[in-house]
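Copied from TrEMBL, the annotated features are:
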TRANSMEM  C:56-74  transmembrane segment
TRANSMEM  C:86-106  transmembrane segment
TRANSMEM  C:112-133  transmembrane segment
TRANSMEM  C:140-161  transmembrane segment
TRANSMEM  C:187-205  transmembrane segment
TRANSMEM  C:232-259  transmembrane segment
TRANSMEM  C:279-297  transmembrane segment
TRANSMEM  C:304-321  transmembrane segment
Amino acid sequence: MMLAAPGQLISISRISHDPNVSVMLEQALEYPINHGQGEEVFRLAPDLVLAGAFTSPYTVGLLRRLGVEVAQLPIVNTLDAIPENLREVGRLLGREAAAEAVIAQFEADLAALRVLRDHVPRAALHYANNYTSGENSLAHEILTAAGFTNIAAEAGLSGGGTLAMERLIMLMPDLVISGQSYPGASRSEEVLRHPAMEALRTRHASHALADAEWVCGTPAVLRAIARLAALHEGG
Amino acid sequence: MSGLVLTDFSVAHGPCDVLRDISLSVGPGECVGLLGPNGAGKTTLMRAALGLMAHRGQSSISAMPLSLRAKTVAWLPQTREIAWPVTVENLIALGRLPHLAPGGTPGDADKAAIDSAIARMGLEGFRTRIATQLSGGEQARVLIARALAQATPVLMVDEPAAGLDPAHQITLMQTLAREADRGRAIIASIHDLGLAARFCTRLVVLWRGGIVADGPPLSVLTPDLLAEVFHIRAHIAQTEDGVIVQPLGLVS
Amino acid sequence: MSRALWVGLGALVAVLFAASLLIGPAGLAPVQALSALVWGDALAETLVMREIRLPRAILAMLVGAALGLAGAAMQGYLRNPLAEPGLIGVSGSAALGAVLALQTGLAAAHVLALPFAALGGAVIAVLVILALAGPRGGSITLILAGIAVSALAGALTSLVLNLSPNPFAASEIVFWMMGSLQDRSMTHVWLSAPFIALGAVVLLAQGRKFDALTLGEDTAASMGVHLGRLRLALVMGVASMVGAATAVAGAIGFVGLVVPHLLRPLVGARPSALLPASALGGAVLVLMADIAVRVILPTRDLKLGVLTAIVGAPLFLHLIYKTRRQGQL
């Protein structure tokens, strides 16, 4: 959406309309959505389909056999990979210049946010099901860029994984960044409000929420970094 | 009054009455044999009198509150059900349940009643045996001992002799007769006319929903009654060993 | 015999409870852990012990006792060793009730809505099973009715969770069908303990009546057992215990089958003695299973029902075989 010329984008994933994970919700609401099913996408007769690495391989194969060009974008695990991805989408859409402009802006903003700090507080990412992110993950890079260390990395975790609540508490983070709650109830999210975590937050650590801006490798991560970095000043 | 009194007693199965206007009184010391062809309502009469089935009219037992009823009458249904592999002694001890205080444990009186029931049924050697592993005849004796341990003035038994060998049948009937001698009121449904005639003090014949005969064995088991109710003819004689009834054939 | 059994079971519960407190991914030293638990002298250790491990150990004990006792009571009433709350769909229906309360928001609106909804689900299942299986609880009807009730409850649970707007809900079907005690809190203890205690009091009070039922319904009734009241007590007692246990831990199967089966010979097969013994035995089994899931796969949430089924299902097959050989099936 950031890169496409008006009229170039004809349909977007239904996820873009989910306020919990969409970083460009307002713009997204102007486009029709699809549900990632081969039939409905084919009926739109697109010249190009941008798919994620997690898009069903059967759907991708079907579209390709039907003669639709499908480009699969890799998952972004580092901040440095974001410009490359932007450049790739720009090339596919024939919007190289627009892409370069966005990239330049992104790199400048990122550099401005990376400030050397004397005190590096320890932060814990705590999502539903005790899921967290260690080294080699975008969330880890966001934390580091904002001037925090990640306790999951201390615990030796690489990539995404679970860290038992017991171990998280024993590591005594200074900041707990919790995943947001989706509507409807789930047992997975109960851990976010577990009395032990509540006690940790009220008695020791400060608290922040992770949201859509943390999820995908787009320039929106800058906003997450900026809000996180602001916590240094706040407390 | 420690016996059974039924007055204007009726039991319905759906729209029709299975038993109508029955009046019967059984007192202490009586051993009543309840006779009648299949389907005459012997089991129904006993279950309804016990309050296990809905009925009209009066039953001195079903009118009692549940806890008093359990101390007044012991009931031995025909199906010999023993659900769990408990020891013979524990099974017989179940007869004492109605006498235990809530939360109480069996006292000396209970133990005496259990021992006495075991002795009377000749089950000393069986105390620690698992009841479900015994033969059918042995199980029947254990269940009768359980009913005896309940130590009630009235004992109702449904087809106690069914499935027992002759020796056990005789022992069983002797036991029932002896319990009557001790002052209990015994009501037993029996198919074997010979056994009934020899060991019961009184026979009651049920037929077509009512009592058609009631009295001492010889006055009840007339050739006419046997022909009409049971469709048989029989040899009936009074001997040194008591009354003998031997069915001989069908009447056409 | 009897005294040794009670002391042994009690000691096992105590040892396993302590082990459950001391085993966990944080790897606390036992002395330090107990000191933190009792005196609250270190923030991190105290949080781990008081808010994570203590509720987990208490719940394992409560849930195990509930399932063991409910199984023994169902078997005592139906006089059938195959009657088990999990197998005959009572736990599954309780899970459905709990899921409905959670997903409709009732549980969030009122604290007690969750256990009551689970209890309601369990009541319906017990009533359906009793109606279908009849007073004697014939094995075939019992198992068939159980399959149908379980399947329906499981399907509806899946449906509700799939319809949930929450992306995590659908992945929790496994939790509701297999059960887990991971990351439970004291809130869950307070939510379930009163219901489990109430059910235990109700069911334990029926011990002698179950004894009398050994001789069949007619004999029991003639010995002063009020069958209608016993049935009501059974339904409410079982539903209360299984409902509360399932609401906080999901449906854990086979506990009520394995425990009474193993303990029955040790209590002389008397249903009244089997009830408290199965409560203790159930606590032992679930504490063991819950320790095992932490030792086998410490980093993942292995479900309790997986372990209990691995132990219980072969035993179930053995029982079916035995029942068939005795010509009761």
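Every residue, even glycine, has its Cβ placed from backbone N, Cα and C.
Note that TrEMBL annotation is computational and uncurated.
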Decide whether the stretches the transmembrane segment (C:279-297) and the transmembrane segment (C:140-161) have at least 3 CB pairs under 8 angstroms, with pairs required to be 6 or more apart in sequence.
no
Contact between the transmembrane segment (C:86-106) and the transmembrane segment (C:187-205) (at least 3 Cβ pairs under 8 Å, separation 6+)
no
Looking only at residues six or more beyond either end of the transmembrane segment (C:232-259), which have a C-beta under 8 A from one in the stretch?
59, 62-64, 66-75, 77, 81-82, 84-87, 90-92, 94-95, 97-98, 114-123, 126-127, 130, 175-181, 184, 188, 191-196, 198-200, 202-203, 205-206, 278, 281-282, 284-286, 303-305, 308-309, 311-313, 315-316, 319
Near the transmembrane segment (C:56-74), which same-chain residues lie under 8 Å Cβ to Cβ, leaving out any that are not at least 6 residues past its ends?
13, 17, 20-21, 83-86, 88, 90-91, 181-182, 184, 188-189, 192-193, 196, 199-200, 203-204, 206, 210, 234, 237-238, 241-242, 244-245, 248-249, 252, 255-257, 259-260, 271, 274-287, 289-290
Go through the chain and flag residues at least 6 beyond the ends of the transmembrane segment (C:187-205) whose CB is under 8 A from any CB in it; none is fine as an answer.
55, 58-59, 62-63, 65-66, 69-70, 73, 111-112, 114-115, 119, 233-234, 236-241, 243-245, 247-248, 275-276, 279
